[in-house]
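As C-alpha cells, the structure follows; a few thoughts come after it.
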Amino acid sequence: MPSEETVEKTLKRLQTFSGSHSVVVGLSGGVDSSLTAALLCKAGWDVEGLTLWLMKGKGSCCSDGLVDAAGICDQLGIKHHIVDSKEIFQKEIINNVLKGYEEGITPLPCSRCNKSVKFSEMLKWVKENKNIEKIATGHYARIRYSNESFNENDLPSDGIKRHKLLRGKDLNKDQSYFLYDLPQEILGKTIFPLGELTKEITRIEALKHSLKTAKKPESQDLCLAEHYGSMNAFIDKYLPQKKGEVVLKNGQIIGSHNGIQHFTIGQRKGLGIAWEVPLHVVEIDASLNRVIVAPREDSGKSECIVKDINWVSIEAPQEPIEVEVQIRYRSKAMKAKLIPIFDSNKENYCYKCNIHFEKDQFSITPGQAAVFYKGDYVLGGGLISKEY
C-alpha cells in the first residue's frame with residue numbers, strides 16, 4: 001500500500017475514537033514519538049507531550065532526549081511536561097538488571113521498563129490530570145480494543161472481552177515482544193499510531209511535517225549501554241569482578257573468567273579459550289561461579305519453563321495449546337506446544353508453563369522473554385526460567 005494511503009488510513013482510525021480526544025504522548029526526543037504527536041495533532045486530538053527523565057547525562061533517556069522532546073512540543077505548539085522518574089528507574093531497572101546478572105541470567109530491561117516505569121508513570125500522570133483521556137507512544141505495535149469487532153476466529157475464545165495486542169505491520173520494527181507485559185488497564189488507555197506504518201514511511205512523513213527530529217539517527221543500543229558507553233561498562237561500574245572457572249559439560253576445566261556477569265547463553269566471542277572447535281556458553285552457574293560451554297551442535301534445547309506470565313489477548317489457558325514462541329527480539333517465532341502449570345493457591349490459574357518446541361532451539365536464555373503468538377496476536381508472555 002502506498003505511503004499516502006497508509007497514513008490516511010491511520011489518520012481516519014485516529015479520528016474514530018470516541019470520547020474527548022485528549023491524549024498525552026510519551027516523547028523520547030526521537031522521530032517515532034515526534035511523528036506520533038504530529039499525527040494526533042493532525043487528526044484533531046488535544047495533544048500534550050510528556051517526557052520521563054530517567055537518568056542524568058547524555059542519551060535518549062537523559063538530557064539530550066529532554067531537549068529534543070521540548071523542541072518538538074514547541075514546534076507543534078503543544079504543552080510539554082517532564083516527570084522526574086530517576087528514582088523509580090533506579091529501583092525497577094538498574095537494580096533489577098544488576099541483580100539478574102549476579103544471578104547468572106541475562107535481564108531484559110526494555111519490557112520491564114515499559115510496564116514498571118514508562119507506561120505506569122504515564123498512567124499515573126494521566127490519573128492525576130483527569131482532563132487527559134489517552135496515552136500514546138511511538139511503538140510499532142497495534143491494539144484491538146474490547147469494544148471493536150474483528151475476525152478473531154483463530155484465537156481461543158472464552159467469551160470474555162479483552163484488549164488485544166498485535167505485532168506492528170512493519171515486522172522489521174515490530175516491538176510487541178517488549179510490550180507483552182502490559183496489563184489490560186494500560187492497553188485500554190493506549191494508542192499506537194505507528195502500528196500500521198513502516199519505519200520508512202515514518203521518516204518520509206516526519207520530513208513532510210518538517211519535524212526537527214526527522215533525520216535524527218536511531219538509537220542502536222539499550223539506553224543503559226548508550227548512557228554508559230556499553231553494557232560491559234555499565235556492569236563494571238557496579239559489579240565487582242570475581243574470578244571463576246570455564247568448564248565443559250562434563251566438568252572439565254578449560255579456562256577461567258573474571259565474572260559471570262560478562263556472559264550470556266549462546267555467546268561465542270570473548271571466551272578467551274582456544275579449542276579444537278568453536279565453543280558457546282550453554283549455562284551460567286552462579287552458585288559455583290562457573291561458565292559452562294559446549295560446541296554449537298551440543299547447545300540446543302527443545303523445551304523451557306516460562307514464569308511470571310502475563311496473558312494478553314486471551315485468558316490463561318486451562319489445557320495445552322499450540323502457539324508460536326519468540327525467545328529473542330527480532331528472532332523468528334517458532335512452533336511449540338504450551339503446557340500450563342497451575343498455581344495451587346489460585347484455582348486454575350496458569351502462572352507459568354512448559355514450552356515444548358517442535359525443533360531444538362539455540363541459546364534459550366534465562367531472563368529473556370518468551371512471547372506467545374497466534375499469527376499477529378500476542379497471546380501472552382513471560383520470562384524464561386533457569387529451571388528445567
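Every residue, even glycine, has its Cβ placed from backbone N, Cα and C.
Swiss-Prot annotates G26, L27, S28, G29, G30, V31, D32, S33, L52 as ATP-binding residues; of G77, G100, G104, G138, the candidate listed for that same site is G138. According to DSSP, D32 (ATP binding site) sits within a helical segment. Of all the recorded positions in the list C113, H139, C223, Q368, the shortest Cα-Cα distance to D32 (ATP binding site) is found for H139. Overall, the recorded ATP-binding residues G26, L27, S28, G29, G30, V31, D32, S33, L52, G138 cover a maximum inter-Cα distance of 16 Å.
Between the CA atoms of C113 (active site, nucleophile) and C223 (active site, cysteine persulfide intermediate) there is a gap of 11 Å. Every protein chain considered, the tally of other Cβ atoms within 10 Å of the Cβ of H139 (site 'Interaction with tRNA') stands at 27.
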